[in-house]
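See structure below.
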Amino acid sequence: MKSGRFIGVMSGTSLDGVDVVLATIDEHRVAQLASLSWPIPVSLKQAVLDICQGQQLTLSQFGQLDTQLGRLFADAVNALLKEQNLQARDIVAIGCHGQTVWHEPTGVAPHTLQIGDNNQIVARTGITVVGDFRRRDIALGGQGAPLVPAFHHALLAHPTERRMVLNIGGIANLSLLIPGQPVGGYDTGPGNMLMDAWIWRQAGKPYDKDAEWARAGKVILPLLQNMLSDPYFSQPAPKSTGREYFNYGWLERHLRHFPGVDPRDVQATLAELTAVTISEQVLLSGGCERLMVCGGGSRNPLLMARLAALLPGTEVTTTDAVGISGDDMEALAFAWLAWRTLAGLPGNLPSVTGASQETVLGAIFPANL
């Protein structure tokens, strides 16, 4: 069973940067050693946003984007190696999630697509890469997501305390760690995605820092109720979603009925949408004693306050409080999933994704034969 230093690379639906984490991993523990966040050029970010919202590309443009993202991920890894004075030979493997550009796990031909050429990463770092983690689960009838609940269970489950882990990235997803029950997990709906899209269009800001805009506005209750009527929110688990569904076009369709509203009121309403949809799912799942929050949304003071208010009797905290950086959680999870793949261990949980069986995930791109 391979153990040693692994690197995890994650670029999520928020597109707020490439998260890179260095960790020592074996069958007994995961110890984070270092991390960095690598910027995504505005041109690349816009290209990804365009394809996620259905804009057509030529095959040449798509191929170029795949290559450019692969090179970006490699640059991020090499920056971390340089910072830590490490060589390629010091790393067992890289677990790279890739950039999701489409996720459609239901229908006649279910599929998910993450790009960022792993061959580019191998060629530019000299390190074996494990990637393409989601499609095996979909091939076995699963949603292909979320995959992180297995990692949450390995690190954060408690023998007696009812716990849930909430990741608020572009999409919010919940891991149910309930003693005596199979691990559960699913996407609750939009996390930061709609809030970020709105303030980007209205004020040219990548996100609402410290929820300043949202706190200056008032929740528009009719708009909130209109958005809450979306069928995704009442759909039973297993379920997963992404930017191809909850995007700026989705928001525009709901705003057509509310012309002339104050942009800050819309921002406040979107924050409330995220808080309400999460809290409703926590309660529908039986509630918990402790809700541990990670991802960019854990730094949104309004979201954290609203979750605490909507979940009385639940301790709402961040994963940082239990020693795991909320910013690095997902990248760390994919380093761990790479370790499991190389060890021949399953990485999915059928109780979460709905797959017909457990399976080893991903494809291996070896640096050396």
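Glycine too: its Cβ is placed from the backbone N, Cα and C atoms.
Not measured: the values here are computed from a predicted model.
Swiss-Prot lists Gly12, Thr13, Ser14, Leu15, Asp16, Gly17, Val18, Asp19 with the feature ATP binding site.
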Fewest other C-beta atoms within 10 angstroms, as judged across Leu15, Val18, which are the binding-site residues: Leu15
Site with most surrounding Cβ atoms, counting all protein chains shown within 10 Å, from the binding-site residues Thr13, Ser14: Thr13
For the ATP site built from Gly12, Thr13, Ser14, Leu15, Asp16, Gly17, Val18, Asp19, further residues of that chain with CB within 8 A of the site's CB center: Met10, Ser11, Ile40, Gly169, Gly170, Gly296
Cβ-based isolation winner (fewest other Cβ atoms within 10 Å) among the binding-site residues Asp16, Asp19: Asp16
Which of Gly12, Gly17, all binding-site residues, has a Cβ with the fewest other Cβ atoms inside 10 Å: Gly17
